[in-house]
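This report refers to the structure that appears directly beneath it.
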Amino acid sequence: MRTSMLRSLARRTSTAGTRRGFASESAPDRKVAILGAAGGIGQPLSLLMKLNPLVSRLALYDIAGTPGVAADVSHINTRSEILGYAGEEQLGKALEGADVVIIPAGVPRKPGMTRDDLFNINAGIVKSLCTAIAKYCPHALVNVISNPVNSTVPIASEVFKKAGTYDEKRLFGVTTLDVVRAKTFYAGKAKVNVADVIVPVVGGHAGVTILPLFSQATPSANLSSEEIEALTKRTQDGGTEVVEAKAGKGSATLSMAYAGAIFADACLKGLNGVPDVVECSFVQSTVTDLPFFASKVRLGKNGVEEVLGLGALSDYEKEGLEALKPELKSSIEKGIKFAHA
Ligand SMILES: NC(=O)C1=CN([C@@H]2O[C@H](COP(=O)(O)OP(=O)(O)OC[C@H]3O[C@@H](n4cnc5c(N)ncnc54)[C@H](O)[C@@H]3O)[C@@H](O)[C@H]2O)C=CC1
Ligand SMILES: O=C([O-])CC(=O)C(=O)O
C-alpha cells in the first residue's frame, strides 16, 4: 500500500482543483466499514482508509462521536464517499453492502493489564457486532482488531456459525502490528533498510504467543542468538512498551491504524484479483494442532486463498512454538466457550 497510496495522494495533490484524479479511477466499487471509528485507532484508521484509492464508500460507525469524524474526514479530496453512523440503530445501515469490515471497537489496556483482562468487556462487544455482520453483510471480509484477538476471533467464528454464515476464508485476526514492529526492530538491529525487510510473525497476538521468525528475515544479517532473543522479546512486548509509555492513556493507536490500513488494503487487493498478496493473519488453520493460528496467508477474491506453512524454524523458534501453544489453546477455548454461553 505504502507506495501506491503515496503515489495516489501525490496525483490528487498535483491535480487539485480539477476532477482529473478522480475520473481516472478504475478500481471496482468497494465499501469498507469501520466499527469503533471514533476511537483512538478508529480515527487515524478512518483517515488512512480515506486515502486508499481502492475504497469507494467508507462507512464510519461508533456508538457515539462518528458524525464529527465523518464530517472531518469527508473533506479530504480522495475517491471515497464518507458515511457516518452513530448508535446501534444505525449499525445495519453502516454494514449493508460492506466488502470489508474492520473492528477496532472495544476498550484498550492500561499499565499492569494483560490483553486477556479486556476479555470481559470486549468479548460482548465483538459478539454483538458480529451478530449484526451476520445479518447485514454476511459475505464481508472481517478484520478483527479488538483484543484479546486470540479469543475475539474464535468468538466471531462461533457467532457466524450459529447464524449459519461462517466462512473461514473471510475471518481474520489482525496481527499486522506484530509484523510492523518486527520489521522496524530488526532493521534497527541489523542495520538494513527497513523498507526492504520481510519478517513473518506467527502464533497469536499476546505476549509469548507472538512468535517472530527472525531466522527467515530478509535481508539476512548475522545477528547473535542474544540479539535474536532480545528482538523476539521486544516484539512480544511491543504492545506493553506503548501501554507503559502512554501511562494510562491507552495502547497503540497510530501504529495500529497504520497496520490495520495495510491489512485492509491487502484484503481489498485480494478481492480485486491482484495476485500474490500475502500477509500474516490469525485465521482458522491446520498449520498446527490449534484451530486458529497466525501465519502467512495468501489473499484472493474470496478472502483466504491459502494458509501458508511455517517454513524452516530455528531451534529457538521451535521451542517458542511449543511454549506458546498452551496459552493460545486456552485463549481460543475461552472465546469459544463465551460464544456458547
Ligand atoms: N490487534 C492489535 O494489534 C491491536 C488491538 N488493539 C485493540 O483495539 C481496541 C481499540 O483500541 P483503541 O482504539 O485504542 O480504544 P478506544 O477506547 O480509543 O476506542 C474504542 C472505540 O470503540 C467504541 N466502541 C465501544 N463499544 C462499541 C460498540 N459496541 N460498537 C462500536 N463501537 C464501540 C468506543 O466508543 C470507542 O470510540 C482495543 O481492544 C485494543 O486492545 C489495540 C492495538 C493493537
Ligand atoms: O498491547 C495492547 O494492548 C494493544 C495491542 O494489542 C498492541 O499494541 O499490540
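Glycine too: its Cβ is placed from the backbone N, Cα and C atoms.
Because the structure is a prediction, the values reported are computed rather than measured.
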Task: Tell me which range among 1-24, 217-240, 313-336 TrEMBL lists as region 'Disordered'.
output: 1-24
Task: Among ASN120, ASN122, ASN193, ASN272, indicate the single residue that TrEMBL lists for the NAD(+) site containing GLY36, ALA37, ALA38, GLY39, GLY40, ILE41, GLY42, ASP62, ILE145, SER146, ASN147, MET256.
output: ASN122
- request: Work out the three-state DSSP category of GLY40 (NAD(+) binding site).
  value: coil
Query: Taking the Cα atoms as reference points, how far is ASN147 (substrate binding site) from ASN122 (NAD(+) binding site) in Å?
result: 7
Query: Which one, from the binding-site residues GLY36, GLY40, GLY42, has the smallest tally of other C-beta atoms lying within 10 Å of its C-beta?
result: GLY40
Query: Around the substrate site (ARG109, ARG115, ASN147, ARG181), what further same-chain residues have their C-beta within 8 angstroms of the site's C-beta centre?
result: PRO108, PRO148, HIS205, ALA206, GLY239, THR240, VAL243, SER251, ALA252
Query: Are there residues of the same chain, six or more positions away from ARG181 (substrate binding site), whose CB falls under 8 angstroms from its CB, and which are they?
result: ARG234, THR235, GLY238, SER255
Field: NAD(+) binding residues GLY36, ALA37, ALA38, GLY39, GLY40, ILE41, GLY42, ASP62, ASN122, ILE145, SER146, ASN147, MET256: largest Cα-Cα distance, in Å and rounded to whole number
entry: 18
Task: Measure from the Cβ of SER146 (NAD(+) binding site) and count the other Cβ atoms within 10 Å, all protein chains considered.
output: 28
